[in-house]
Amino acid sequence: MSVGELYSQCTRVWIPDPDEVWRSAELTKDYKEGDKSLQLRLEDETILEYPIDVQRNQLPFLRNPDILVGENDLTALSYLHEPAVLHNLKVRFLESNHIYTYCGIVLVAINPYEQLPIYGQDVIYAYSGQNMGDMDPHIFAVAEEAYKQMARDEKNQSIIVSGESGAGKTVSAKYAMRYFATVGGSASETNIEEKVLASSPIMEAIGNAKTTRNDNSSRFGKYIQIGFDKRYHIIGANMRTYLLEKSRVVFQADDERNYHIFYQLCAAAGLPEFKELALTSAEDFFYTSQGGDTSIEGVDDAEDFEKTRQAFTLLGVRESHQISIFKIIASILHLGSVEIQAERDGDSCSISPQDEHLSNFCRLLGVEHSQMEHWLCHRKLVTTSETYVKTMSLQQVINARNALAKHIYAQLFSWIVEHINKALHTSLKQHSFIGVLDIYGFETFEVNSFEQFCINYANEKLQQQFNSHVFKLEQEEYMKEQIPWTLIDFYDNQPCIDLIEAKLGILDLLDEECKVPKGTDQNWAQKLYDRHSSSQHFQKPRMSNTAFIIVHFADKVEYLSDGFLEKNRDTVYEEQINILKASKFPLVADLFHDDKDPVPATTSGKGSSSKISIRSARPPMKASNKEHKKTVGHQFRTSLHLLMETLNATTPHYVRCIKPNDEKLPFHFDPKRAVQQLRACGVLETIRISAAGYPSRWAYHDFFNRYRVLVKKRELANTDKKAICRSVLENLIKDPDKFQFGRTKIFFRAGQVAYLEKLRADKFRTATIMIQKTVRGWLQKVKYRRLKGATLTLQRYCRGHLARRLAEHLRRTRAAVVLQKHYRMQRARQAYQRVRRAAIVIQAFTRAMFVRRTYRQVLMEHKATTIQKHVRGWMARRHFQRLRDAAIVIQCAFRMLKARRELKALRIEARSAEHLKRLNVGMENKVVQLQRKIDEQNKEFKTLSEQLSMTTSTYTMEVERLKKELAHYQQSLGEDPSLSLQEEVESLRTELQRAHSERKILEDAHSREKDELRKRVTDLEQENALLKDEKEQLNNQILCQSKDEFAQNSVKENLLMKKELEEERSRYQNLVKEYSQLEQRYDNLRDEMTIIKQTPGHRRNPSNQSSLESDSNYPSISTSDIGDTEDALQQVEEIGLEKAAMDMTVFLKLQKRVRELEQERKKLQVQLEKREQQDSKKVQVEPPQTDIDLDPDADLAYNSLKRQELESENKKLKNDLNELRKAVADQAMQNNSSHGSPDSYSLLLNQLKLAHEELEVRKEEVLILRTQIVSADQRRLAGRNAEPNINARSSWPNSEKHVDQEDAIEAYHGVCQTNSKTEDWGYLNEDGELGLAYQGLKQVARLLEAQLQAQSLEHEEEVEHLKSQLEALKEEMDKQQQTFCQTLLLSPEAQVEFGIQQEISRLTNENLDLKELVEKLEKNERKLKKQLKIYMKKAQDLEAAQALAQSERKRHELNRQVTVQRKEKDFQGMLEYHKEDEALLIRNLVTDLKPQMLSGAVPCLPAYILYMCIRHADYTNDDLKVHSLLTSTINGIKKVLKKHNDDFEMTSFWLSNTCRLLHCLKQYSGDEGFMTQNTAKQNEHCLKNFDLTEYRQVLSDLSIQIYQQLIKIAEGMLQPMIVSAMLENESIQGLSGVKPTGYRKRSSSMADGDNSYCLEAIIRQMNAFHTVMCDQGLDPEIVLQVFKQLFYMINAVTLNNLLLRKDVCSWSTGMQLRYNISQLEEWLRGRNLHQSGAVQTMEPLIQAAQLLQLKKKTQEDAEAICSLSTSLSTQQIVKILNLYTPLNEFEERVTVAFIRTIQAQLQERNDPQQLLLDAKHMFPVVFPFNPSSLTMDSIHIPACLNLEFLNEV
């Protein structure tokens, strides 16, 4: 294509610009050869005439089409030059916020100066295992490429991270190491990857500092080698450092800081362990305050220091060493603050001996204060004859002090690096390694010194290695594709390197000048001028004789020679070093002793700064140590050569970090700074090398798909795509040198792809114009027809409107006449009605007046009759009361007479001897006590009566005195008191009359007010009625609203409860998953141990030890449910299995406890059997009927004694009670007559009642003791020949029937004490019996006291409880009063609403209380049911035993043999097997069973067979058999699943069988909740003896594990298909076109084979899954959950790839996604799986597809996107919009302003910060109860199972 065709009108070009570097413009006129200028239009519409150099013919660079802008790989651009690269990076960085871009083999990383959420664990796992070109550019992609090539090629790798300060090198290297630590984690428990990451905070603390360009700038270079073993797990690491910037220790420029560790240590100076460091704030020290501000915004030095200490600890640095390190760092700060005073002569200096900082320096380093003070200000000069000590000037002392500080810090830095390497070192053999090189980039400042020279020298070496590697890769690519190779001319910087490092180069001349005794920087510069002035890379500045210029590959750099010699020598005085060597601290002394190996870089791997030469004035007396004299430049050159050797032996990967601006502003791009760095880091050189050949490369298939529109129709008939591509290119591009056909690709020169894109766009534009022309013509025709129809319609409607208007006028005229007529009539009618109403009102008032008069008269008469009635009634009642009182007095007198007679008779009877004798039997003690109490009360009564008589006498005397005073007073008033009394009576009468008159007035006023109030009351009642109506209406409205709100709240609560339930279930199943993983790990370890321990020969376990015991983690069952697990199981039943199973560890502990208790039970049972055998041997001599005969005798004796005692005591107590009552009544009467206290009677009655109760208790105890004595006596008489020492408690069986065990024991001890007094039972006559009873009563009295105390405590507790309830009620009353007062202040509506709320809260509280009560009752019910089951089981066992005994007796009675005919019986659904056949059963039914063997049988047949075996063991009540069978089954299933851990069919088979066995155990458990759907026949097949609830839980856990394994297998089979089928495959042919791809799509990481899948492959695979699960009888609910999980995984994987791939975020991909999702939905509906919720899990992907297809321009589009994208987070929406890429020129990019609008509208969302979906998330599975309709007796066992040993019962 000619130049004129390229530079035609409307072509866009790039022109230089001083501000923006490059500026875009558009040609307004075609260019013709020979024109001297171009007519351009800039972007701001200004016209510019751009001159052209005719001789060089340099036309401006052409601009790429917009469709190619924003590419992931810069080499995908058609025009490869500097402005295209800069523009592409700018667009990606500012518009899409993409900080990573590929440039061939280089990853360009731009520092965003902002934390981005793209480095999480989910992103690491998303990039793991992916090809480098498949995902968007990322540091993780480079790390994955290195890791993959290391594993595939078995070759060491290197990642070279370079860039200038502040570009983000350290962060990029840190993330690369984090990736390796995550992906290649250590296989052992050493956690070496954590140590590798822990080295970062240490190195940042001691090697990073704040500069003007970067807050965390690395001031040294480092190369970290991460070692891997043969399995590619991290086993160790090693670090090398290069060129530490020591000058920063003693000097910092403005707005810079020293190394972070100094400020961190000052921030932590307040800690107690750092008090001895004597540190204060950083502003107080000279070495940390030179730069000004000592803090960094957003950085907490104290927190960072804590992280540094934790890293030291993790790396194994002891606490003592850490303190020593901090002491050395603190000593450097104190050394910098030492005050040096100059003397008057100016040639000497001194330091005050009291200098606090020097004292602290010497104390912290453990050196002599006087020596250090002396040698800081003096130096030693050694000649051949003598030695001089010379003073130094102030500047010399400061320089020496600074040199010492730098040397101390450098040695400490090297020591820390060495110890980090020791911590990361491993003894295992390293198979391969990946090195991460974090090294400084090319630097140029206003003043450049020795440090910049070394840095740029290192970059020259790295650039040379980079150029050769790129050239090599290009050559390999051409040779692989069989393209003719032509030598490409690229920049070779070997002459510049020779200038620096060759013989007599710059470094050699520098070292030579350092050896000269009086060498100076000026002399060295002059030698450079003389030697290298002819070199093209060396220049001399015009205006300086001390500077020189080196032409580097990136730019010219002017170096100032001042300080080069001093920095190269790095002089430290030997006297100061010797003082430090003599330190009393071992660490300090070790730092400064000479190393054994003089070359640090080769052995220890340390940097160039790790070895500093110390020059002494004295010539060495021994052999010269040449290594000691090595300069810094020599060391750096040596270490750099070693680094280059290492890099050349590895496969390098390049990361170039770019600093976008110097102000550290987030997402701000400065083109000038970016271009400088792109030139310096070699990115443009890569572009230039690539552009010199064939930079654009297309696979034949991709080229055909993209440019198919340029192919003619007749050429499409050819099936060979290569031939089609050849013919198309030969027709379109006439110059054959512009393209080459390779083996698999087509190679294009620069600009040819843009030309093809232009042709493609023209073709589309022509087709578009044709389509638009046709559509517009059709639209105009439709518009004309529409206008014509509308005109006719308008005419028709206008004519109709005129006709209707005329008819309306006529109608209105007639209506007006009618209205006038009616209006006149209405006026006349109103006048008449007014007169009529007035007359009626007058009549009404008149009639009312007459009626009121009549009503008043009637009312007065009624009141008079009422008064008369009440007076007559009062008189009658008064007469009746008089008569009644007289009758009562007569009755009382008569009754008193009768009572006195009876009392007299009772007293006579009481004085009789017989009565006293009966009363005193057994009552002596009590009567004495009562008599004492009565005497005491009589004494009290006497004292009270005496006090009363004294008070009455004083009162009588006082009354007499008052009478005398009154008489005396009356005499003093006058002789005639009657007159005064009359006057007083008259005055009182007048006042009374006045009061009557006032009362009448008040009554009248009261009546008037009363009438007015009645009127007001009626009005208020009316208003109240109206208000009530309104209130009812409002109440109804509020109730409706509250019902709606309540319904909404209930719905929300249900949703929350469901969510919590799902979370709890997922937690539990995660625990089950972890448990299965741990179990798997345990099995693996056990297998390894067996392999290790295995020896030749056969080992056998003991016969009594089951091979399954080691695998059994399940509880054993027994007939009794009493154990330690009962409470736990009860709690499980109460709160539900989902919640109770939250903590698996608790359940496992309970299982362990059950096993221990089972073992203890067995041991106790064995001991009990032994004890019974021994007892039976001892008691064989005794007759067996003794105990049986003694029991009824003892019962009869007890009953007879008790009846006699009760009769006698009843009579006695009746008589005593009557006598005491009479006596007390008489005494009470006497006391009343003598002013006694009335309470004594009640007190005595209470005491009598208490005594009576106590007497009843003691009487009962006496009876018990008597019975025991009689029975013991009978036993003694009956068994004189038997053994005398028999337990007395066993011969008293009745004692346990009435009293507690402890009470009986204490009473028995009392008997034993009395029994010990005599050996003869005949001693117990009547008196002896009373003594025995007395001793027993003492013990009983103690028991009663204890019971009384317990009752009093209970009473006190009840009182406290009642008090607390009372206080609670008071508080509640106060609250209600407060709420009532508040409601009175509210409006009526608010009052109603508040009242409703109060009522709702009250009802909810009551509801909760009732729920708690119901739960308690249900708990009690379950306990009772359990107990009932136990008792029923015992009763059944007893009946079975009796029946068995009867059958045995009958069998023994038969004396002759009888032939019995067998009666045929039905199959009962039970299978019997012998114990020794259990292993065979498990092997045939579980271990060796293949699902194909049961293809035609009943689904889940093994589960049914196992249940029938369990049922037979339950029928025979063999708990060991049930336990063994279930345990063996579970272990066998686990072994099968472990063996077939990747077999979907086998896993599905055992999932269905395990679930069916679980359902059978529930269905036939006997619980009514599981038996609702059972038939009568199925109810007969229920378990009778055992409750297998615990095993149901174990089987449920096993089902969860199998389900998780099933999902894992299915996901592993589907995952490789998802991305290719959902995103890459063209489901709709011709919809998507392939864009040009860069180098990464042709990299070596891409697989050669075609691994593409289509959607049909996924559907076929899911069809296979569905068929297998349905054929094997898996529950439909579980099938639904399986596909819901699989669809979620498809959604997560697809969406995550969409979020990480720019090439698939396009409109056509959205259309493909919509089509694919619709196909999946159709498949779900076809399989009746749409109810599974799988479509809901695909909602984020559906919304992402819609987002790709929606318009993205206006505000309405933004609102539509926000309303539709509810399942996507804000971060995901913005990411998709940033990634959106148009595939054709007709599509438009998403503008930055539109994305900002979306972000503003989505600010209120509280979305999670996670960008990617968790593809490993698993929904909690639920196994709903699904009973079977089959009966056990209808199941047939096929012969293929080889279960002939099973017998049908």
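Just so you know, glycine gets a Cβ as well, placed from its N, Cα and C.
Automatic, uncurated: that is what TrEMBL annotation is.
Straight from TrEMBL, the features:
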{"type": "BINDING", "residues": "GLY163, GLU164, SER165, GLY166, ALA167, GLY168, LYS169, THR170", "note": "ATP binding site"}
{"type": "REGION", "residues": "640-662", "note": "region 'Actin-binding'"}
{"type": "COILED", "residues": "896-947", "note": "coiled coil"}
{"type": "COILED", "residues": "1203-1265", "note": "coiled coil"}
{"type": "COILED", "residues": "1334-1464", "note": "coiled coil"}
{"type": "DOMAIN", "residues": "1527-1804", "note": "domain 'Dilute'"}
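Within 8 Å of the centroid defined by the CB atoms of GLY163, GLU164, SER165, GLY166, ALA167, GLY168, LYS169, THR170, the record's ATP site, lie the Cβ atoms of ASN111, ASN214, SER217, SER218, GLY441, CYS657, LYS659, excluding the listed residues themselves. Over all protein chains present, the Cβ of LYS169 (ATP binding site) has 27 other Cβ atoms lying within 10 Å.
Sorting each residue of the region 'Actin-binding' (640-662) by its DSSP state yields 9 helix, 8 strand, 6 coil. For the binding-site residues shown (GLY163, GLY166, GLY168), fewest C-beta neighbours within 10 angstroms: GLY166. When pLDDT is averaged over the coiled coil (1203-1265), the result is 57. Among the listed binding-site residues, namely SER165, THR170, the Cβ with the most fellow Cβ atoms inside 10 Å is that of THR170. A simple Cβ count within 10 Å picks out one of the binding-site residues GLU164, ALA167 as the most packed, and that one is ALA167.
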